[in-house]
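Peer 1: Attaching a single structure in structure tokens format; questions to follow.
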Amino acid sequence: MGQSKSKPREKKEEEKSTTTLVTKSKEKVMEKEAKQSDKESQPAESLLFATSKHSRPSSSSEDKPETKQRSSKKRSVIPQIIITRASNETLISYGIPDNDEQRTIREHADWGPYHRHRSPSTIAAYDVHNTE
């Protein structure tokens with residue numbers, strides 16, 4: 001019997017909720033129309049505000065003049081690239097014979113047990129070297 005009493009109450013609550021939903025939806029429509037009229041009157045400002053809002057979300061109107069002054073004070077130095085060509089100078093050495101041996105760098109013949117690792121070929125690395 002207690003259950004039959006609660007059923008009519010639920011119907012009354014549903015009726016109340018439908019009326020409140022209708023009034024809320026009408027209010028939302030009115031708010032949207034008001035917002036659209038504001039957007040139509042100032043489309044350029046809203047676009048500029050939206051782009052600045054995305055780039056700097058926490059910036060205020062007071063910070064903007066300060067940043068402009070800072071950027072005007074700091075002047076960056078642009079590096080200059082100078083393209084040159086190869087020099088025509090030659091290296092002249094006096095008193096030394098013009099030999100290929102003098103121009104190449106040769107390692108010492110006696111490196112001890114590590115001599116085989118200094119050779120560039122793998123076959124020479126496994127050759128037995130007797131320097132004694």
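Just so you know, glycine gets a Cβ as well, placed from its N, Cα and C.
According to Swiss-Prot, the feature region 'Interaction with ATG16L1' maps to 1-60. Under the heading region 'Disordered', Swiss-Prot lists 1-81, 110-132. Here Swiss-Prot flags 24-42 as compositional bias 'Basic and acidic residues'. The region 'Interaction with VDAC2' annotation in Swiss-Prot covers 61-132 and is backed by experimental evidence. The motif 'PQIIIT' annotation in Swiss-Prot covers 79-84. Per Swiss-Prot, phosphoserine is recorded for SER87, and the stated evidence type is a large-scale study or a structure entry.
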Peer 1: Over all shown protein chains, what is the count of other CB atoms within 10 A of the CB belonging to SER87 (phosphoserine)?
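Peer 2: Here the count is 6.
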Peer 1: List the helix, strand and coil residue totals of the motif 'PQIIIT' (79-84) as derived from DSSP.
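Peer 2: Per DSSP, the residues of the motif 'PQIIIT' (79-84) fall into 0 helix, 0 strand, 6 coil.
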